[in-house]
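Lifted from TrEMBL, the feature list:
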- 88, 90, 94, 133: Ni(2+) binding site (BINDING)
- 88, 90, 94, 133: Fe(2+) binding site (BINDING)
């Protein structure tokens, strides 16, 4: 089961959990209301996993690659980590499947508060287009992830503020409808 919680305020080391005291856990249903989808898969068989194949087929995730975020394997590691942690949105869904290691996706809730989602081996997440988010490794400083796209990959992050994009407006409309 994926773990998620509201984050404490502050700008200390982003690789730490940053749980509120007392903790404020967030469940899968609350994440779903934000448009965030999660699956738990068997990362040891990702190349032949029928469940992953089914999800890819149903959601039209036709393109994939694998990225390793590690000081020894990712060129310009420190710069990339800072870029990943900058609050941004995408005009398409962001899909990540953790094959090894662990890290955090942070997403904004409807009240603009940060929710931290702990991702580890076997977790797959889809963030909707237009949601403000960021990513960081945890204190292990290592994650290997599959990146999936519907069609050709588009890597462009739009740092906040980016409210003028149609994807952001559509996402805000989605949130309004989810409340009703």
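Counting begins at 1 with the first residue displayed.
Backbone N, Cα and C atoms are what each Cβ position is placed from, and that goes for glycine too.
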Response to the item:
Within the same chain, the residues at least 6 apart in sequence whose Cβ is under 8 angstroms from that of residue 133 (Ni(2+) binding site) are 87, 88, 89, 94, 105, 106, 107, 108, 127
Worksheet item: Taking the centroid of the Cβ atoms of 88, 90, 94, 133 (Fe(2+) site), which other same-chain residues have Cβ within 8 Å of it?
Response: 89, 127, 131, 132, 134, 157
